[in-house]
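Enquirer: Before I ask anything, here is the structure I am working with.
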Amino acid sequence: MITVNVDLGERAYPIHIGAGLIGRTELFAPHITGSSVTIVTNTTVDPLYGDALRAALAPLGKRVSTVVLPDGEAYKNWETLNLIFDGLLTERADRKTTLVALGGGVIGDMTGFAAACYMRGVPFIQVPTTLLSQVDSSVGGKTGINHPLGKNMIGAFYQPQAVIADIGALTTLPDRELAAGVAEVIKTGAIADAEFFDWIEANVDALNRREPAALAHAVKRSCEIKASVVAADEREGGLRAILNFGHTFGHAIEAGLGYGEWLHGEAVGCGMVMAADLSVRLGLLDEASRQRLDAVIAAAHLPVRGPALGDARYMELMRVDKKAEAGAIKFILLKRFGDTLITQAPDEAVFATLAQTTR
């Protein structure tokens with residue numbers, strides 16, 4: 001087992017990474033101080049890992065309940081969030097009840113938001129079961145739900161007590177979900193660590209094959225990088241925004257097609273292709289680096305051309321992105337691997353990128 005720490009002073013917490021961790025009682029025990037636990041999971045994950053988690057919690061002598069939600073990005077909304085509150089109130093959960101998010105990014109985001117809101121804040125633990133959630137969404141305290149007009153527009157910054165990333169859970173991931181997680185790994189290397197990006201290029205096939213050593217290193221290094229960024233800028237006042245490379249175009253794709261049509265990581269992968277194209281057009285990135293990024297995204301079996309939503313629709317959706325200010329779109333662009341720039345771009349350059357990178 002590897003442990004990476006997120007250094008946030010009194011709110012610091014560990015990220016435990018390894019195989020078989022869902023069943024290890026001792027990893028949960030220090031973070032559950034109340035008399036009850038509510039597991040939040042979904043219809044896909046509960047049959048796979050719910051019993052193992054409940055068995056791990058049983059020796060603690062707590063009252064354990066489970067809320068099972070429908071699976072998918074399409075359910076990341078108010079109605080589904082209320083199902084969590086229904087379960088907590090039915091079980092008479094109190095301020096010391098610990099929520100445990102067992103699932104991917106949707107479950108983690110909604111459970112964290114519910115924890116932030118219920119009785120104005122109760123503790124929660126992240127148990128991410130997808131590659132994307134292990135390398136990205138479970139770390140850093142971003143929680144929330146979608147709105148029809150924009151992704152993740154309603155939420156809170158609320159840190160977990162711990163993240164328990166069991167890479168054994170990645171063996172049951174569908175291929176599309178695995179590729180979606182590799183997209184966030186690629187993003188992390190591209191924005192923050194050129195040496196890690198080189199490693200990803202050399203090992204993308206090993207990740208596709210789910211080789212345990214490759215997956216463990218990808219999760220570890222991605223978490224180390226994200227932990228350092230979050231420690232420096234917890235609430236995205238500046239530096240943390242670089243983690244949104246590919247997300248401005250990507251969120252527009254997700255909202256434009258309808259949430260769940262493309263997986264989040266698929267949209268981010270394509271969004272990176274689009275952002276790299278724009279980076280070249282603005283004279284920030286060299287063409288050879290753009291081609292390297294495109295090639296590794298394609299090698300991860302991710303889409304490299306966006307849907308034809310139309311220029312006006314893309315611009316409309318990107319203007320409601322969380323990074324936008326006074327309607328001005330801000331892009332995270334690459335200067336070189338490991339070096340980014342947050343900037344606006346002329347509409348003409350954006351239109352040229354859309355013409356080149358969409359169907």
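Cβ atoms here come from the backbone N, Cα and C positions, even for glycine.
Sharing the feature lines straight out of Swiss-Prot:
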{"type": "BINDING", "residues": "71-76, 105-109, 129-130, Lys142, Lys151", "note": "NAD(+) binding site"}
{"type": "BINDING", "residues": "Glu184, His247, His264", "note": "Zn(2+) binding site"}
Enquirer: What Cα-Cα separation, expressed in whole Å, is found between Lys151 (NAD(+) binding site) and His264 (Zn(2+) binding site)?
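Expert: Distance between the two Cα atoms comes out at 10 Å.
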Enquirer: Reported as an integer number of Å, what is the Cα distance between Thr130 (NAD(+) binding site) and His247 (Zn(2+) binding site)?
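Expert: Here the two Cα atoms are 19 Å apart.
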Enquirer: Which one is it, among the binding-site residues Glu184, His247, His264, that lies nearest to Ile107 (NAD(+) binding site) by Cα separation?
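Expert: The answer is His264.
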Enquirer: Only counting partners 6 or more residues apart, tell me which same-chain residues put their Cβ under 8 Å from the Cβ of Tyr75 (NAD(+) binding site).
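Expert: The answer is Leu69, Val106.
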Enquirer: Of Asp71, Glu73, Gly105, Asp109, which binding-site residues come within 10 Å of His264 (Zn(2+) binding site), going by C-alpha to C-alpha distance?
Expert: Glu73, Gly105
Enquirer: Taking the Cβ of Lys151 (NAD(+) binding site) as the centre, how many other Cβ atoms fall within a 10 Å radius?
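Expert: Result for Lys151 (NAD(+) binding site): 24 other Cβ atoms within 10 Å.
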Enquirer: Mind giving me a neighbour count for His247 (Zn(2+) binding site)? Other Cβ atoms within 10 Å of its Cβ, every protein chain shown.
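Expert: Within a 10 Å radius of the Cβ of His247 (Zn(2+) binding site) lie 25 other Cβ atoms.
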Enquirer: Rank the binding-site residues Glu73, Asp109, Glu184 by the number of other Cβ atoms within 10 Å of each Cβ, and give the residue at the low end.
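Expert: Least crowded of the binding-site residues Glu73, Asp109, Glu184, by Cβ count within 10 Å, is Glu73.
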Enquirer: Please report the three-state DSSP label of Lys151 (NAD(+) binding site).
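Expert: In three-state terms, Lys151 (NAD(+) binding site) counts as strand.
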Enquirer: Spatially, which candidate from the binding-site residues Glu73, Gly105, Asp109 is nearest to Glu184 (Zn(2+) binding site), comparing Cα atoms?
Expert: Gly105
Enquirer: Cα of Asp109 (NAD(+) binding site) to Cα of His247 (Zn(2+) binding site): how many Å, rounded?
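Expert: That comes out at 16 Å between the alpha carbons.
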Enquirer: Hey, how far is Glu73 (NAD(+) binding site) from His247 (Zn(2+) binding site), Cα to Cα, in Å?
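Expert: Just about 16 Å between their Cα atoms.
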